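Notes to accompany the following structure.
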Amino acid sequence: FLISGHGTKGVFELLSGWRRTRENLPFKDRVADAYSDVMVSYTMTSSLYFIAFGMGASPFTNIEAVKVFCQNMCVSILLNYFYIFSFFGSCLVFAGQLEQNRYHSIFCCKIPSAEYLDRKPVWFQTMMNDGHHHTSHHETNPYQHHFIQHFLREHYNEWITNIYVKPFVVILYLIYASFSFMGCLQINDGANIINLLASESPSVSYALIQQKYFSNYSPVIGFYIYEPLEYWNGTVQEDLKTLSRGFNTVSWIEQYYQYLRVGNITAANKSDFISILQSSFLKKPEFQHFKNDIIFSKAGDENSIIASRLYLVARTSENTQREAVELLEKLRPLSLIQSIKFIVFNPTFVFMDHYGLSVTMPVLISGFGILLMLILTFFLVIHPLGNFWLILSVTSIELGVLGLMTLWNVDMDCISILCLIYTLNFAIDHCAPLLYTFVLATEHTRTQCIKNSLQEHGTAILQNVSSFLIGLVPLLFVPSNLTFTLFKCLLLAGSCTLLHCFVILPVFLTFFPPSKKHHKKKKRAKRKEREEIECIEIQENPDHVTAV
């Protein structure tokens, strides 16, 4: 799904560049013009994709699933780029040959003349018509009659740049920014384990009931002591009590100490402690289940305890996931500084270790991506304001997806992290051509520049984003919360990008720099210089006015 968004963008952009070329040119010149018009920006965005996912595939990423996914994405981006650069370009050459020789693009047969088609049924005319039989020769720019192109040029461009529409667009963006900012303030660094399960699985029912009725207790934490200890020593007993303070414990050690106190039994040395433990305590029916918690070792006639375990349960508030992560972060450092060597573990710690970095990692990777994007585009773009507007647009889209994703109850899991990284590149892919065409345009007014930019790139952007969003529809029918998370994130990425390209940027670019006055002054100066030259020639050659 992710690579399709970038791949179809290259296809639609190159196809749009091909359609903008004049059909009366040789097909080699048309392909050259299309490549020179499109492949520079597409090479830049492909490089940014490769860099962003290359950082995810680097050793700096400590989540193996993200690393493997980013490695596959890098390979896919390279294959996709060479596919567009080679095979799809060859298809355009083949299509150019068909058009030049008036062959049908599907059936590869000669297109009949207009007189012959007029004598045939309507269905035959529809199938065999190439759209040019009403003119004596191919039009120089038939792309102007494309229905999306016609809609943008004749209707949408005039509407979005209307002075009465602009205030409503500004209000819309303020609402968008407010909700995004509100969502960013509510980001959780923990995630619900239910999202990792199939929607209808019994594990979901168990997790819901556990959260509803027993959410005030942390998971049962295994406390494993993996070295021989002098359990009969009073100092060791105090250290164990200190470590388990604040927990509800299920421990053979506490039960054994209580058993000794109730029976008024003294076990002050190793032989007495282990002898009573094996021959008396563990023989009792109510304490026999503790046999699996103690590992004995026999050296000669002497027994010793080489390892043991106990269980800890912490009382927490409603935010169990967050407090469990904090509890884990407190317990693990103790295992390094205490005299007792132990480890703590629960199967849910595997997810908690991952979710502890769920907020910082996408922010760092996105930040590095924006920085690299700024460095790359600084050398590729003449006008520095193009960089500035691209950074603002990408940041706005990224924060919008992050905030709205949080308001839509999407947790920061592995899928949402990857989607946030992808949103950065998806936004660059669609905003960069539009912004750079606007910045480098030479029309007199900003309004005319943005109209030309939308007319040049709007069709490809609309086609790609629409195809991308339609391709997400099958994800709705997959019974998986994780897949639904993918659908939500990618839907927000496509929607926010489309909103910026067609609504927000066309309005805001008419308010702020770059100014187009210097282009107007240059044109006036050239026109004045040409008029002066013409006047001089006329004065010098009054009898040869036609030579001018």
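Counting begins at 1 with the first residue displayed.
From the backbone N, Cα and C atoms, a Cβ is placed for every residue, glycine too.
Automatic, uncurated: that is what TrEMBL annotation is.
TrEMBL has this to say about the protein:
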- 1-94: domain 'SSD' (DOMAIN)
- 39-61: transmembrane segment (TRANSMEM)
- 73-95: transmembrane segment (TRANSMEM)
- 163-185: transmembrane segment (TRANSMEM)
- 363-382: transmembrane segment (TRANSMEM)
- 389-409: transmembrane segment (TRANSMEM)
- 415-439: transmembrane segment (TRANSMEM)
- 460-478: transmembrane segment (TRANSMEM)
- 490-512: transmembrane segment (TRANSMEM)
- With the greatest number of Cβ pairs under 8 Å to the transmembrane segment (163-185), the stretch among 73-95, 389-409, 490-512 is 389-409
- Note on the structure: Over the domain 'SSD' (1-94) the mean pLDDT stands at 83
- Item | Within-chain partners of the transmembrane segment (460-478) [C-beta distance under 8 Å, separation at least 6 from its ends] | 1, 4-5, 8-9, 12-13, 15-16, 148, 430, 434, 484, 486-487, 490-491, 494-495, 497-498, 501-502
- Item | Cβ-Cβ under 8 Å with the transmembrane segment (73-95): same-chain residues at least 6 beyond its ends | 2-3, 6-7, 10-11, 14-15, 18, 27-28, 30-31, 34-35, 39, 42-43, 46, 49-50, 53-54, 56-57, 105
- Item | Other parts of the chain folded back onto the transmembrane segment (389-409), taken as Cβ under 8 Å at six or more residues beyond its ends | 176-177, 179-184, 186-188, 366, 370, 373-374, 377, 416, 419-420, 423-424, 427-428, 431-432, 435, 439, 488-489, 492-493, 496-497, 500, 504-505, 509
